[in-house]
């Protein structure tokens, strides 16, 4: 208790000194510390009944909003939103996916996306919903998801950290991904009979790491006490690079395969797409330095719309032109650049209204994404051989990824390399967004090519299998082994680490729940 009191007094003294550069007053420092103890004690004494009541009112409010929204849609569109209407089924599955995700997280601490994915699988199995019947709507939504996912992550990028540690960020973000893509293409070609283009298409989506799943766990470790390593920034920026490669390369291969343009144009487009996306997004992000003006009365709302609407337009516009992958890179470049411009004017990275807006949007989109993806997964006997081979392929590709990740982390200790390997296991978000796109495209084109549809179905099954296996394993290993692998060695290190953890904002530690 005395040691904790001394640390709080020291922190209050430093805050006082930083405010007016005068010698600290012991009396005012004591008052500040006493206030902290009183507030903490009040929180501890808050009864369980008060907590339950607040949660009940929160979800009751959401229930009222949901019922009123459904009633509005029913009044506007009649029977299509009735109890047995085709649109009502979409809303029902999304609502059940959201609720089951909350229950799973409360009972097991596992990510709610697993419950949402299983909800979609059961909805398809019992014939309640099949998103193949809504292919145009599903394809439309899958152009929105990447904007929110990529935009949310890149708002946390520290460009100064990336410049200082670019070798480690680039190597960890590209080499494990590249190795897994090549191995996946080889395995799918020789074990499953995939053509090479389909094999690399599968590898580009299969090899993406899902940092948002484990970022709340990474935030607990923060920066090493000696400031030699910033774990959140390393995982966030390297994982963002990995995600950018998956989205960009998948878009390139996908547009190359399903485009009707000439071969020369497709090759030129493939060579310029990523550079065009970076230039487009970087240029739009640089405008954030000037518009909206920092003294504008609506600067917060305008900044959010500036990056959100700009990202949506970029993704839809480049998709309409057939430049797949360009829009995703543009979103990353735009939001990362805009966040840096805003930081110079007082907004903290990932602790500002724009980051909060993206977290709210993602909390609403996440159960919808995984539930609708699950409806593409059809369980039947003929898929047994594919799924068994998929287990072996997953073991081979994951081993390749983790060995490569351990090798490229040349400056880390053995325990820290194991921690990186745990964080590099989960596959979920990018995989769920991209895996049904080939099926949607073939359906909308009324394609009668049975071979292509078989490859698209197998691609989706292998990806869903990887999500269900790697997400809980990676999450649990990171959660339980992380504190052991990154445990501070000395008492002073523990004191410094506890101070930094107490000073970090809770808005960065976990996403907002709706």
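For all residues, glycine too, the Cβ spot is worked out from N, Cα and C.
Marked as transmembrane segment by TrEMBL: 56-75 (among others).
What TrEMBL records for 110-129 (among others) is transmembrane segment.
Outside the transmembrane segment (169-191) by six or more residues, the chain places 162, 198-200, 202-204, 206-209, 234, 237-242, 245-246, 249, 389, 392-393, 396-398, 400-402, 404-405, 408-409, 420, 424, 462 with a CB less than 8 A from a CB of the stretch. The transmembrane segment annotation in TrEMBL covers 169-191 (among others).
The annotation transmembrane segment is assigned in TrEMBL to 197-218 (among others).
Outside the transmembrane segment (239-258), and at least 6 residues removed from its termini, the chain residues within Cβ reach (under 8 Å) are 146, 149-150, 153-154, 157, 169-170, 172-174, 176-178, 181, 197-198, 200-201, 204-205, 207-211, 266, 269-270, 273-274, 277, 322-329, 332, 423, 430, 434, 437-438, 441, 445. Among the features that TrEMBL reports, transmembrane segment is placed at 239-258 (among others).
What TrEMBL lists as transmembrane segment is 264-285 (among others). Non-local neighbours of the transmembrane segment (264-285) in the same chain are 248, 251-252, 255-256, 307, 310, 314, 318, 322-338, 340-341; each lies 6+ residues outside the stretch with a CB under 8 Å from one of its CB atoms.
Tertiary proximity for the transmembrane segment (360-381) is limited to same-chain residues at least six positions away from its ends with a CB under 8 Å from its CB atoms, namely 90, 93-94, 96-98, 101, 112-113, 116-125, 129-132, 138, 141, 144-145, 148-149, 152, 212, 308, 428-429, 432-433, 435-436, 439, 457, 460-461, 464, 511-514. Summarising the annotation, TrEMBL assigns transmembrane segment to 360-381 (among others).
The transmembrane segment annotation in TrEMBL covers 387-411 (among others).
Feature annotation from TrEMBL assigns transmembrane segment to 459-478 (among others).
The annotation region 'Disordered' is assigned in TrEMBL to 493-514.
As annotated by TrEMBL, compositional bias 'Polar residues' applies to 498-514.
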Between the transmembrane segment (110-129) and the stretches 56-75, 387-411, 459-478, work out which stretch tops the count of Cβ pairs under 8 Å.
459-478
Beyond a gap of at least 6 residues from its ends, the CB atoms lying under 8 Å from the transmembrane segment (459-478) belong to 110-111, 113-114, 117, 121, 188, 198, 201-202, 205-206, 210, 213-214, 217-218, 373-374, 376-377, 383, 386-387, 390-391, 393-394, 398, 419, 422-428, 431-432, 435-436, 438-439
